[in-house]
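Peer 1: Structure incoming, see below.
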């Protein structure tokens, strides 16, 4: 983690429970990020917070540290039953819930607290067996949590800490009724520690906070900067017929270590995957139709470096927390301004540098003024030489519905795509030496 991303506040200097301090030290956490430095002193006084911070700022560890510390420092409720967790962490997507659980387990290893995770798309009975053994901290998506609550498998009567992560996405995905349903089944707000985090603290998010929290303290990290200074943004104005050639040329010349390509529709994503796969790239496809087990497998392949490029829609990519993404390509400009911020926020995390490349084509160019107004700056324009675009592109492959859109054994081709089994750090250089960016 880059030191430029950290504050001068040390975890060791905070009044944390000894077991939490030990867990942080053994996992290499010495200095707080800005959101941690601002939120933890408030939370350690048992005050609620509504925090605004961009993704990749360390907010997950902020609320996990506060949750573990609160449970370790607070007496267990009298007559607490085995099916009553003491803390609940709600996330908008399965992938985000899984990532939070992985981080929570790092802290749980040094405490007696048990962590459980529930989400849709996986075995109901397997997750229930974990709950039947009792958990202290329940992490999950609202739909599956509600299923277990309604069946009496879990009770929220002993909740002492609540986390609502990515609250703005909860609204986008229509989960607010579910959240209110769960809040109504917990002890009163003044009997628990409440934490809400969101990339944006819109009026509807603030209303939710004040309805279900106890006079929360508002914590903001650089709210005037909606995009990170670590991200180099640029935009092209390609014709519709040039778009795919331009994308393949940029990827060929940038040769990103790990890239996500966003498009606005499932059909467009499938088309992009076909072209990239045909060009020999190790590419995965994430749309709303991809089953959960396949999603997890594709994400693992991408995270572990077996895939270099991920093509995704906004809905399919929500909640993804993947480190070391070097490039984001907006093949289509999003219709929602906030989606632009969420998309490019997947690179340039934790103090690292990132690159965001956007296309303003005939169909979506009208979205640009609203996006630039929302982020409070103009995106630098880059031009390209049409004659310098790749002209030896292999045809797209057909999508085989019975096979995962993940890593496959790719055929070797002379002068096209990556050789089979090669990695970005050791693969071939771009097949053409050309300059596609012009002043």
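Cβ atoms are placed via backbone N, Cα and C, with glycine included.
Copied straight from Swiss-Prot:
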BINDING   53, 54, 55, 56, 57, 58, 59, 60  ATP binding site
DOMAIN    40-219  domain 'Helicase ATP-binding'
DOMAIN    243-390  domain 'Helicase C-terminal'
REGION    395-439  region 'Disordered'
MOTIF     9-37  motif 'Q motif'
MOTIF     165-168  motif 'DEAD box'
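If you look at the structure here, what lies around each of the features I listed?
Peer 2: Using a 10 Å Cβ-Cβ cutoff, residue 60 (ATP binding site) registers 24 neighbours.
The helix, strand and coil residue counts that DSSP assigns across the domain 'Helicase C-terminal' (243-390) are 63 helix, 24 strand, 61 coil.
Residues 3, 44, 51, 53, 57-59, 61-62, 65, 68-69, 72-73, 106-107, 109-111, 219, 221 of the same chain, all 6+ positions outside the motif 'Q motif' (9-37), place their C-beta atoms under 8 angstroms from a C-beta of that stretch.
Summarising model confidence by region, the motif 'DEAD box' (165-168) averages a pLDDT of 87.
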Peer 1: Relative to the Cβ of residue 56 (ATP binding site), which residues of the same chain, six or more apart in sequence, are found under 8 Å away?
Peer 2: 228, 345, 346, 348, 349, 350
Peer 1: Is it possible to get the count of other C-beta atoms within 10 angstroms of the C-beta of residue 57 (ATP binding site)?
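Peer 2: Counting Cβ neighbours of residue 57 (ATP binding site) within 10 Å gives 25.
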Peer 1: Tell me, by DSSP, whether residue 57 (ATP binding site) is helix, strand or coil?
Peer 2: coil
